[in-house]
Amino acid sequence: MGEANLLNQTTSVTYIRLRGLSVNQKVQMAVFAMFLTFYVLTLIGNILIVITIIYDRRLHTPMYFFLSNLSFIDVCHSTVTVPKMLTDTWSEEKLISFETCVTQMFFLHLFACTEIFLLTVMAYDRYMAICKPLQYMTVMKWKVCVLLAVALWTGGTIHSISLTSLTIKLPYCGPDEIDSFFCDVPQVIKLACTDTHIIEILIISNSGLISVVCFVVLVVSYAVILVSLRQQISEGRRKALSTCAAHLTVVTLFLGHCIFIYSRPSTSLPEDKVVSVFFTAVTPLLNPIIYTLRNEDMKNALNKFMGRLEGRGKK
């Protein structure tokens, strides 16, 4: 009897079942069409932003350097979850191997945490450009921008490794189903056949704390920026407000999810799936829309780039 119990405790789960967004076939087809549209537009929009920034030398500034990083991250972030979800709409079982699940968790947190750090760096860039314009080019040199990019990617990697290693060390020998359409740490650790109270505290103190602290820093940064804008001329104020409003919209949508999911114990709520949809599929699509439709420089560069492509096509 003792050997049997030991075997049961050490048997690992090889596959995990994902419940997905719905069990209704018609709803699943509607979800497939919607997510496929979102994903294709996300790829086109963000890749077009990166190419345009590389193509147009007028956009070779720190702000657009970080914006191109944001677009690249959004492509990767969306690709981690959406293709698997699209495939699962045609599958009844919706299985994912435990190894693939862990890989998905790793890259999900890598890109999410890196984006949080990037949004914070972008807020600092806007603060320097608006509040200290005379010092801007001295402080935000290309060497500094590259070092900041390396630092935020390194920070995201360390965060992801720490969370993933905590998750895979747990014993999984019982339930094998999570109520989601992708693997994330809070859902997966609930499958562990051991007490996960300490792990949940570590998740809250890690992901939750990072989200809350960065959000506070961002809000304070924009408060300082808004105060500074009161002293500027109307045209400069309008352009700066437009840029800051776009950035703040992205920050609220993205960090809102992180605070909602990772700043509380691992308990399932009906709103979790809706919030996760925005996190994985909608926000990466909104970023190119927000940053292009509200930015005259980007719109002009895009029009110039598309015009050149049309000219080559006619030849």
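A Cβ is built for glycine as well, from the same backbone N, Cα and C atoms used for every other residue.
Those TrEMBL annotations? Automatic predictions, nothing curated.
From a predicted model like this one, the values you see are computed outputs, not experimental measurements.
TrEMBL annotations:
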type: DOMAIN; residues: 45-291; note: domain 'G-protein coupled receptors family 1 profile'
type: TRANSMEM; residues: 29-55; note: transmembrane segment
type: TRANSMEM; residues: 64-86; note: transmembrane segment
type: TRANSMEM; residues: 106-124; note: transmembrane segment
type: TRANSMEM; residues: 144-162; note: transmembrane segment
type: TRANSMEM; residues: 209-229; note: transmembrane segment
type: TRANSMEM; residues: 241-262; note: transmembrane segment
type: TRANSMEM; residues: 274-293; note: transmembrane segment
Tertiary contacts of the transmembrane segment (144-162), as residues 6+ beyond its ends and Cβ separation under 8 Å: 62, 65-66, 69, 106-107, 109-115, 117-118, 121, 206-207, 210
Chain residues outside the transmembrane segment (29-55) and at least six past its termini with a C-beta under 8 angstroms from it: 21-22, 64-65, 67-68, 71-72, 74-75, 78, 82-83, 85-86, 89-90, 281-282, 284-285, 287-289, 291-292, 298, 301-302, 305
Average model confidence [pLDDT] within the domain 'G-protein coupled receptors family 1 profile' (45-291): 83
